[in-house]
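Annotated features, as they stand in TrEMBL:
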| type | residues | note |
| --- | --- | --- |
| TRANSMEM | A:12-36 | transmembrane segment |
| DOMAIN | A:67-293 | domain 'ABC transmembrane type-1' |
| TRANSMEM | A:71-94 | transmembrane segment |
| TRANSMEM | A:115-136 | transmembrane segment |
| TRANSMEM | A:165-185 | transmembrane segment |
| TRANSMEM | A:227-246 | transmembrane segment |
| TRANSMEM | A:272-294 | transmembrane segment |
Amino acid sequence: MQHGKYRFIAGFLVVPLAIYGVFVISPFVQAIYYSFTDWTGLSSKFKVTGLKNYQRLWDDELFWKAVGHNVLLLLVLPLVTLGLALFFAFMLNVGGRRRKNAAVGGVRGAGLYKVVYFFPQVLSIAIVALLFKFAYNPNSGAINSFLSAIGLDSVRPDWLGDPDLALWCVTAVMVWSNVGFYVVLFSAGMSSIPKDFYEAALLDGAGRAQTFFRITLPLLWDTVQTGWVYMGIMALDGFAVVQIMTDGPGPDYSTELLTYYLYTKAFSDGQAGYATALGVALLIVTLIFAGVVMKLGRRERLEY
Amino acid sequence: MGSTSEFSRRDLIKRAAALGLIAVPTMSALSACAAGGDDDDDKKTDSGGKGQKDAEMKPLNVDGSAPLDVVIFDGGFGQQYAKDAEAEYKKAYPKAEIKHSGTQDIGPQVQPRFNGGTPPDLIDNSGAKQMDLGTLVGLKQLTDLNALLDAPSLDDPKKKVRDTLRPGVVEMGQFDGEQVWVLYYAYTVYGIWYSKTNLQKLDEQYPQTWDDMLKVCEKAKKKGVAGWTYAGQHPYYLPFSLYPFIAKIGGADVLKRIDNLEPDSWKDPAVKAAFEAYYELYKKGYVLQGTPGLDHIQSQTAWNQGKALFIPNGSWVENESKKMTPADFQMAVGAPPSLDKSDKMPFGTLWASGGEPFIVPKSAKNPQGGMELLRVMLGKKSTQNFIKAVSSLTSLNGGTEGLSLPPGLASSQEALTKAGGNVVNPRLQDWYVTLQKEKIGKGALGEMMAGRLTPDETIKKIQKYVDDTRKDDSVKKYKHK
């Protein structure tokens, strides 16, 4: 019954594809076109300058610095966030001691922990960033006050004011605000793994680590992979946190990110053409990242 | 028989979803700025003569029934002062519809309207997200305000608006030629801000020499109070007291050469001397601990709480920190202390200049209305209202008679009188925003004051930023006349 299948599918797809074309593809094409111009963003007049924006991009130290920071985030952020989320989710669902009538279960108070972990997800990222900005205040912030309280008065870092620390401070906040979502997501994934697998493993005498690496992780792989892509996109963005916490580039450009650099060029320097070239670069980085993740992550699907 | 193609349906959906996820954020970043519409050039700005009497009543030839569209930066000064002035305008032109909007995001809000050819009639282009004025001028997007400056002032029809303004204000609004593109409404006094009360507690006066400054700081340190703090996350506040200090040591020409981006302009001995002096504050531990991590509000708060004596700032600080300031604080501003006897300019040399740049777009529907509102704002009534409401001066010369001024403003007024002709006006922050705020500020000065760069390294780094900017043909250059 293959006959006419494609025509049938296409019939349904005409309208959504048209909408997608107008609202998604065409701005893309337009943006790529603008990246070859000297458009300022303040007037609709501009002239085509060919590859000049890209040449400038190539020689732009700040651009490479921003790319460096983005790549660092791209590696660290998903790894830490998903790693923590997997650990927490495992402990909440499988990692508990055996209790009556249940072969597998979470640690005591798992329900409460889930709520606690998920809580940051309810807050807007602007609030989270502002909250941590106060916590990082080197004078009266919670973190340094805590350090003083436990007798570490001599160790009072400037946190967001120190170029060696600023990016890590921002990363920590991004991890904090995202980890809860993945705990819940992975919990959902884990609860669909049949209990008999765990029971069998327990009967064979497997410990927690073995259960995790031999059963949970492989069966959860699809979810992890999706999470990885999603987290990577968060890492490529990071605009709001950086804008609020370190007022953009941070001390000595230590927290400059591609998205913020693009924004500066477009909205304060009046160089929208160059900004679109940055946007295209961002797109390329994103596509490379997605490609790599999809390629590396491909595995045999396990049916259960 | 099921179809066992290479992709299962779930795979396909998953991939589509993943691609969609990628597409959305990049997209919004990419397409946030798409051009549309055409600019209609050179139309409505002529002010033809309609007869003498009419001209006196409405010097700018305002169409009283035309709607007026105003966008105000809602920052340190709020937006109430503009609303009050609009009410005055409405009294004069009862038929005019006034559309007022206040925002902190001037650039993102107004830029698309420029692009679409329907900008507002009057804009207060201020704040962190202001549009680049140089670019707007270069693209001929603004109305020449000479018509307004030549119109009779609101209070005295015999005087032109031009002649009622503080010295330097008109020049600040010029770029290359005779046209005045920008009118700075507020008048800001920059310098070292302090609390008279807190100094009295130490039995000290405001130090007039740098040696005294160090002595006061030492004394404060012994009592557990820091000498200085500053907006560590926005180190471009440091120049508010540092640049006039450089001018004082080496003469105003040093700053002019710096503004003109001349080669080696930062290698002037005056710059080095000033940097060394400030660096000493760090080395001797006179800067409040943690300052490099504070933003402007946090540093002002620490200063208001008496944790530090001095803070480089502008006269908006009085209004901005109103809620935190103790009643007996006695806020005051001081000019940079003298470094030594060979200083080129006398004690009292001060940085004061216009703030809050107001512009009237060229393709506005009602540019005369926009200028007329500015004329109303520059009248005595609106000026006094502004002074009372936000404790800042306006560009109208005077206007403070008969008002009881809050301490900070009174001190600004005093400092201005004392400075007399020795007012400097560095233009770096208007002409090269990114260079001043990010590169010099965050990249160099902030690093020096945090002790991570020596003055020599700082100068080298700044000079390189300046050289790069000079060679960068995407940045429009300006020069002092």
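Glycine residues also receive a Cβ, built from the backbone N, Cα and C atoms like all the rest.
No curator has checked TrEMBL annotations; they are predicted automatically.
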Tertiary contacts of the transmembrane segment (A:272-294) (same chain, 6+ residues out, Cβ under 8 Å): 28, 31-32, 34-42, 46, 49, 53-54, 56-57, 63, 67, 70-71, 74, 225, 228-229, 232-233, 236, 258-259, 261-263, 265-266
Range from A:12-36, A:71-94, A:165-185, A:227-246 with most C-beta pairs under 8 A to the transmembrane segment (A:115-136): A:165-185
Other parts of the chain folded back onto the transmembrane segment (A:71-94), taken as Cβ under 8 Å at six or more residues beyond its ends: 104-107, 110, 113-114, 117, 167, 171, 174-175, 178-179, 181-187, 189-191, 198, 208, 211-212, 216-217, 220, 224, 227-228, 231-232, 234-236, 238, 257, 285, 289
